[in-house]
Every structure is written in structure tokens, then in C-alpha cells.
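Here the structure is laid out as C-alpha cells; the discussion comes afterwards.
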Amino acid sequence: MMTHWPSPAKLNLFLYITGQRADGYHTLQTLFQFLDYGDTLHIEPRRDGEIHLLTPVTGVENEDNLIVRAARLLMKVASESGRLPAGSGADISIEKRLPMGGGLGGGSSNAATVLVALNHLWQCGLSIDELATLGLTLGADVPVFVRGHAAFAEGVGEILTPVNPPEKWYLVAHPGVSIPTPVIFKDPQLPRNTPKRSIDTLLKCEFSNDCEVIARKRFREVDAALSWLLEYAPSRLTGTGACVFAEFDTESCARQVLEQAPEWLNAFVAKGVNLSPLHRELL
């Protein structure tokens, strides 16, 4: 029985804000790709119907943690539909490598891994579509991790079209700050009227991120990290930050730059992959 479950990072290879709805949510167009790097969840089934998170996250109550919320949500829905074997529960612990507030999707990825893993371990039999629908109630980025394939996203991020962008090597850098998403989306200077374009058009254009100008303006650490990376390769913000990344054609080129990273920058090299490491394990 598999007990170690990948919870990979994602990059937004581009991110454009195309509008704002009456409910305050922003509409966007973005390109998600996974990294062969991330957290690892250790999940052991229990037979007493209890969910225990054995590695609490500092500053987050266990019941508020997306890991626990995802487990309880699956338990509730599977139970109500008669698909939860009696006594199903789990002990869950996490090896955390992805920073909070980094734009790498750590919390969303954790939630998706829990949904996929427990559906498998408990033998609930929910489809990927059902799991993705559950995931959306936990966060807009959860469905792409549940579905497990690189995707072009529209709407508020919930309309996904599978795509296969080039699988490049990336140097990903965390500048030491955490950026809450609302800080970026509430900024009055955030571009909110980027024209909508087709997938084909966007894939042929130079990639960029509408949130980058705000993150650089408000967080000097992000600005400094991007300024350094741009000396070596095309670089930009992922999500709403704080992580930034540079793209390379080979691992060796990325690692040569990593060796020159300033001490204040926490950085790693990873490959972009179109099939999630989580789903690769399940094949």
C-alpha cells in the first residue's frame, strides 16, 4: 500500500487579469505547469473514523488546515453517498518544502493530494470530476492538482483546458517574504483589463504576469530577486508571489546560476512537468 504521496509545486507560466466580477473575484487567463519538486504527505489509514494531522503548521489551527478540511470533506461526501467504508480515517503527516504565500500552490496541492490519496486508500470510488468539484470548494487552484495535467485556466481559474507546454528547467527563488493573495488583488493599481486571447495566441506570445508589477512595488525583496534573476535568463513572478523563477533549457545551465545565488535567497532547481508527480505515481 502506498503511504508516501507527492504534493508537487506549480508555476504560473503566465498570468493575465482580464476583469473583475461583481462579487469581487477576478477573472484571469493563466498557464499552470507542475514541478518535479514539492511536499510529501505520509498517509496511514485508520479504522476508527478519525482524522489526525500529526505535523501541525505554525500559525494554522489543525481544523483550518486545508489538509484536514480536504479529508473531512471527502469523508462527508463519500459517507452521504454511501461510498465510505465503515471506520475510514487517517493519520496524516507532511514533509514541508514549499513556502506559504509563495505562489507555488503548496496548500492547494496538499488538499488535492489528500483528496486523491484518501479516495484511493479508502476505496471510495469518486471520479476525478467529482474530486475536482470538491476541490474547487476548497480553493480555485485545487482542481488543477486533482486533475494532474498542465492546463490553461480561465474564469476565476476553474475552467481548465489540458495543454502541453515545453518542459523546461527552472530556477525557483523565494525572497524570504510571504505575500497573501488579497494584498495583490486589492491593490488599486493592479491591471484588470488585459484583453482575453486564445490559447494558441497566448502560447506564441512572450509570457508575463500582471501581478508582478504590484509585487515588485510593494515588496522590495521580490524586486531584488527578480532583478538578480533577470541578469541570467527570462524570469517572472509565479501566481501572486512571492516566488520568482527563471527558465533554462538544461539542468546544468540552471544549476550554474543557482551556484551564484546570493545568501539571502532561498532557491532550488526543478523541472517543469506536464503530468503531475502525484498522478505519475498512480499509473
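Numbers run from 1 along the shown chain.
Glycine too: its Cβ is placed from the backbone N, Cα and C atoms.
If you look up Swiss-Prot, you'll see Lys10 (among others) marked as active site, on the strength of sequence analysis. In three-state terms derived from DSSP, Lys10 (active site) belongs to an extended strand segment. Non-local contacts of Lys10 (active site) by the CB criterion (under 8 A, 6+ apart in sequence, same chain) comprise Phe32, Gln33, Phe34, Leu35, Leu104, Gly105, Ser109, Asp141, Val144, Phe145, Thr238.
A sphere of 10 angstroms centred on the C-beta of Asp141 (active site) encloses 24 other C-beta atoms. The annotation active site is assigned in Swiss-Prot to Asp141 (among others) on the grounds of sequence analysis.
Per Swiss-Prot, the feature ATP binding site maps to Pro99, Met100, Gly101, Gly102, Gly103, Leu104, Gly105, Gly106, Gly107, Ser108, Ser109; the stated evidence is sequence analysis. Long-range Cβ contacts of Pro99 (ATP binding site) within its own chain (separation 6+, distance under 8 Å): Gly106, His174, Ser178, Ala242, Cys243, Asn266.
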Assigned element (helix, strand, coil) containing Gly107 (ATP binding site), judged by DSSP: helix
